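First up is the structure itself, then whatever we jot down about it.
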Amino acid sequence: MPEIQLGRHTVRSHGVKVARAHMHDWLILLLLVVIEVVLNIIEPFHRFVGKDMMTDLSYPLKDNTVPFWAVPIVAILLPFVIILVYYFVRRDVYDLHHAILGLLFSVLITGVITDAIKDAVGRPRPDFFWRCFPDGKGVFDPVTSNVMCTGLKSVIKEGHKSFPSGHTSWSFAGLTFLSWYMSGKIRAFDRRGHVAKLCLVFLPLLVAALVGISRVDDYWHHWQDVFAGGLLGLTVASFCYLQFFPPPYDIDGWGPHAYFQMLAESQSGVQSSNNINHLAVQQAELQSVYIDAQRGMEIARFNNRDTRPMLEGSGN
């Protein structure tokens, strides 16, 4: 389908209409935000940690290479800026709205699943020993041999949230969606063999991978945590993108489903209007023919009436 009607559907002209049509989706997003907050408040499962398990949990307690506040910037703000730039180029509110909606769904669904698994599994982080025993002196239950932590409760609570990696899942959710989005806009799979397009598509995924690697380097996560988080974000983002956009290799991969649906409805409306007008013209023509025929019959009857007296007179 060709790119037509560029610049005719802007935020000012159609923004409210599009947002109202997806009001329930925005309400679901708010519900996901509430669930995410609750999952971060509740206490995670405290898994048994014995003395013999501390060998793999005694890595040094380090600061984050990628701080917590930087994750939303990488996963949400960066893709949002690129989506906004594309809107100023194309001026299509359908693309802007559905791209933002898909991005937020990708990140929030991933976040809810990630934190739900974190709370349910309660896997200790690689630096759990120093969270549990800040003074370096381990204290264990004489009967069960389970740890008896002496550290801060908030630090210990965070120490039971290793699996899966939230930094990684959030980053892959937002940046995978961005990769899908960019591949559709630049037509990366147009079969012309431009490798530079693929480099642009893989660049966000590289950033997400580096975020995941930093989590292992900082001893905040095991490698399995990072792998699971990356796979989770990648999967959720792919489903969310394909919910709102055709695949990038599709002939219509440059725009959202809603845009083409709107075009189809408008074209069908014009076609039905033309059909109605055509039928009206046909009915008018038939009515005109019927009236002309009726008039002709009346004239013929009148002429017959006029000629009858003449014929009778001539016969006499």
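Yeah, the Cβs are placed from backbone N, Cα and C, and that goes for glycine too.
In TrEMBL this protein carries:
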| type | residues | note |
| --- | --- | --- |
| TRANSMEM | 26-46 | transmembrane segment |
| TRANSMEM | 66-89 | transmembrane segment |
| TRANSMEM | 96-117 | transmembrane segment |
| DOMAIN | 98-241 | domain 'Phosphatidic acid phosphatase type 2/haloperoxidase' |
| TRANSMEM | 167-183 | transmembrane segment |
| TRANSMEM | 195-214 | transmembrane segment |
| TRANSMEM | 226-244 | transmembrane segment |
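Scored by C-beta pairs under 8 angstroms, the transmembrane segment (26-46) has its highest count with 96-117, from the stretches 66-89, 96-117, 167-183, 195-214, 226-244. When Cβ distances are compared across the two stretches, the transmembrane segment (66-89) makes contact with the transmembrane segment (195-214), since 3 or more pairs at least 6 residues apart fall below 8 angstroms. Beyond its flanks by at least six residues, the transmembrane segment (167-183) meets 64, 66, 68, 71-72, 74-76, 78-79, 82-83, 99, 102-103, 106-107, 109-111, 113-114, 189, 197, 200-202, 204-205, 207-208, 211-212, 214-215, 220-221, 225-226, 229-230, 232-234, 236-238, 240-242, 245, 248, 253 of its own chain at Cβ-Cβ distances under 8 Å. Outside the transmembrane segment (226-244), and at least 6 residues removed from its termini, the chain residues within Cβ reach (under 8 Å) are 98-99, 101-103, 105-106, 109-110, 113-114, 163-174, 176-177, 180-181, 208-209, 212-213, 215-216, 256-258. Sequence-distant contacts of the transmembrane segment (195-214), counting only residues of its own chain at least 6 positions beyond either end whose CB sits under 8 Å from a CB of the stretch, comprise 64-66, 71, 74, 79, 165, 167-168, 171-172, 174-176, 178-179, 182-183, 186-188, 226, 229-230, 233.
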